[in-house]
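Novice: Copying in the features that Swiss-Prot gives for the protein in this structure:
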BINDING   Cys50, Cys123, Cys195  [2Fe-2S] cluster binding site
BINDING   Asp82, Asp124, Lys125, Glu447  Mg(2+) binding site
MOD_RES   Lys125  N6-carboxylysine
ACT_SITE  Ser473  active site, proton acceptor
Amino acid sequence: MSNNPRSQVITQGTQRSPNRAMLRAVGFGDDDFTKPIVGIANGYSTITPCNMGINDLALRAEAGLRTAGAMPQLFGTITISDGISMGTEGMKYSLVSREVIADSIETVCNGQRMDGVLAIGGCDKNMPGAMIAMARLNIPSIFVYGGTIKPGHYAGEDLTVVSAFEAVGQYSAGKIDEETLYGIERNACPGAGSCGGMFTANTMSSAFEAMGMSLPYSSTMAAVDGEKADSTEESAKVLVEAIKKQILPSQILTRKAFENAIAVIMAVGGSTNAVLHLLAIANTIGVPLSLDDFETIRHKVPVLCDLKPSGKYVTTNLHAAGGIPQVMKILLVNGILHGDALTITGQTIAEVLADIPDQPPAGQDVIHSWDDPVYQEGHLAVLKGNLATEGSVAKISGVKKPVITGPAKVFESEEDCLEAILAGKIQAGDVVVVRYEGPKGGPGMREMLAPTSAIIGAGLGDSVGLITDGRFSGGTYGLVVGHVAPEAYVGGAIALVQEGDQITIDAGKRLLQLNISEEELAQRRAQWTPPQPRYPRGILAKYAKLVSSSSLGAVTDIDLF
C-alpha cells in the first residue's frame, strides 16, 4: 500500500495537474507528491491561556512531519474559553464548540483527502472535539495536548483558576477582604496552559493517553516546558509510522480502550465531563458504552491520586510523580487494565508500560499505592431515580455528607441561582435545582462552576445539594449532581419540581429522588407545557434541534433520518 492512499487522488495523474499547481504554491516540489499529506489541526488562540502556546507546538509538529517524510498542512480550528465564559450566556457555546471543532476537522481532512491528522488542543472541548473527528475520519491520527498550566502562588498557597471562583463566594460571605480577592485574581493563572487541577482538560488528555491516542507522559506535561515541544515533534514522527502501518482509530478506540480510559479517570479523580465526552466518542466510533459501564468500573477502581479540585495537588505534581504511565501500571498489575489494547505507537498498553515500576515512587503522596488509596472506590457515581430515569452523574470524592434530603430551591437559570447564593438566600439543608440548562434547554448544557464555587466559598459545600440538567466544571466538587436526564426541556421530571418539594440525594444508594407520589408526579406532567425555544435562529437553534440526551453523550449526528 502507498503511504498516501487518500491524497493520491489529488496528487497523481495528468488530470490532477491543476491540483498540483496549487500545491506547488504552498511549498510542494516534484518529490513531495508521493508523500503522505498530514493535517495539523491547530487550536491556537489568544483568547485563553489554555491555547496561547499551541502555535509553537504546531511548528514543532510541522518540523517533525517533514523530518519523517510527510507533507504537513496546517489549518486552524476554534476554541471557546470555558473559564472566561463561565457564568455568562457565552458558556452556552462551550459544548457546542465540541461539535464545531469535530465538524471543522472532519471537513478539512476529508475535503483535502488528508492521509493522517495531528490535532493540538488545550481548552476543555478541544480534546473531545478532535477525538470525535478522528473517530469519524478513521485515518491515522494522534492527539497532542497543549499542556497544563503551572500553579499560581499567593500567601503561601498554590492556586488554580478555581481558587478565584471560590474566592468570590468567600468574599460575598465576608470570609476574605477585597485585597485578598484581588491577590488571588492576579496570581491564579501565571501563564500558558490549561487549568491546572484534574479538571476537564487534564482529565481528557489523561484519558486519551490511557486510550493510546497520545504519547506516554504527554498528557501531564506543563505547556511552557521544553519537553512538551519535544513530545510534540516525536508525536509527529510516530504518526507518520502509523500512516505507513495504517494504524487506525477504529483499531485503537475499542471497548477495551474505553474501559481503560474510564479506569484511569476514576484513579486520578477526573471530571464528570469525561462521562459525557467518552459517551460521545464511543457513540461516534460505534463502541457500545453506557452510563452503567462507568458505575461498574467505579466499584473496581480506587482513587489513587490526591489532586484538585477535591484534593491537594495539581497536574504538574502528578507528572513529577510518574504521570499517567505510573497510574496505569498500578492499575495494570492489579488486573484492572486491558494490557493487550493497541496504541498509536503500534505497541500494546502492556508493552508501553513494561519498564514502569509496579509501585509509585517513595517520598511523594500525589500517587498512592493500590493498598493505600485516597478513596476505596471511584468518585464518579451514576445516580438514578424518578428525577433521573436515564441517569445523572455525581462526583462524590471528598463529600463529607453523601446523603441529603431537603427542600428544593428552584431556579430556571444559572444566573438566578448565583444571585440567590450571593444574596445569602440558600441555607444549610437546601437542595438547589437549576433546570432548563440541558443540551436542548440551555441550549448548550452550561457548566455550573460559578454557583457551586459560591456555595463552597460560603461554607455550605457540605450542607447544600445542587442538581441540574446542565453540567459541572472539572473544578467543581461537593454534593452536586449534573447531567440529569431526561432534561427539563423535553419534560423530564426535573421540570416538574416545585419550590419546597423534598428531594433526596443519596450517593451511597446512587439515588436521586423527588419525594412525591407517582400520582402527583403524573398530574404535574399532564399540566406541563413545553417552553418556547430560547433561540429561533443561529447555531444555538441548530444545536438545540439536533442534540441528543446527555445520557447518549449530547451528540448531534444520530437519528437524523
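For all residues, glycine too, the Cβ spot is worked out from N, Cα and C.
Not measured: the values here are computed from a predicted model.
How about a rundown of where these features are and what they're close to?
Specialist: When secondary structure is read from DSSP and collapsed to three states, Cys195 ([2Fe-2S] cluster binding site) falls in the coil class.
Lys125 (Mg(2+) binding site) falls within neither a helix nor a strand when secondary structure is assigned with DSSP, and so counts as coil.
In the three-state DSSP scheme, Ser473 (active site, proton acceptor) falls into the coil class. Annotation for Ser473 (active site, proton acceptor): spatial neighbours Asp82, Met86, Val162, Phe199, Thr200, Ser271, Asn273, Glu447, Met448, Leu449, Thr452, criterion Cβ-Cβ under 8 Å with sequence separation of six or more.
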Novice: Using DSSP, would you call Glu447 (Mg(2+) binding site) helix, strand or coil?
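Specialist: Note: Glu447 (Mg(2+) binding site) is in a strand by DSSP.
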Novice: Please report the DSSP secondary structure of Cys50 ([2Fe-2S] cluster binding site), reduced to three states.
Specialist: coil
Novice: Around the C-beta of Cys123 ([2Fe-2S] cluster binding site), how many further C-beta atoms are within 10 angstroms, looking at every protein chain?
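Specialist: Counting Cβ neighbours of Cys123 ([2Fe-2S] cluster binding site) within 10 Å gives 29.
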Novice: Taking the Cβ of Cys195 ([2Fe-2S] cluster binding site) as reference, which residues of that chain separated by at least 6 in sequence fall under 8 Å from it?
Specialist: Cys50, Gly83, Thr148, Ile149, Thr160, Val161, Val162, Ala201, Asn202, Gly474, Gly475
Novice: Taking the Cβ of Lys125 (Mg(2+) binding site) as centre, how many other Cβ atoms lie within 10 Å?
Specialist: 28
Novice: Let me check the 10 A CB neighbour count of Asp82 (Mg(2+) binding site). How many other CB atoms are there?
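Specialist: Asp82 (Mg(2+) binding site) is surrounded by 32 other Cβ atoms within 10 Å.
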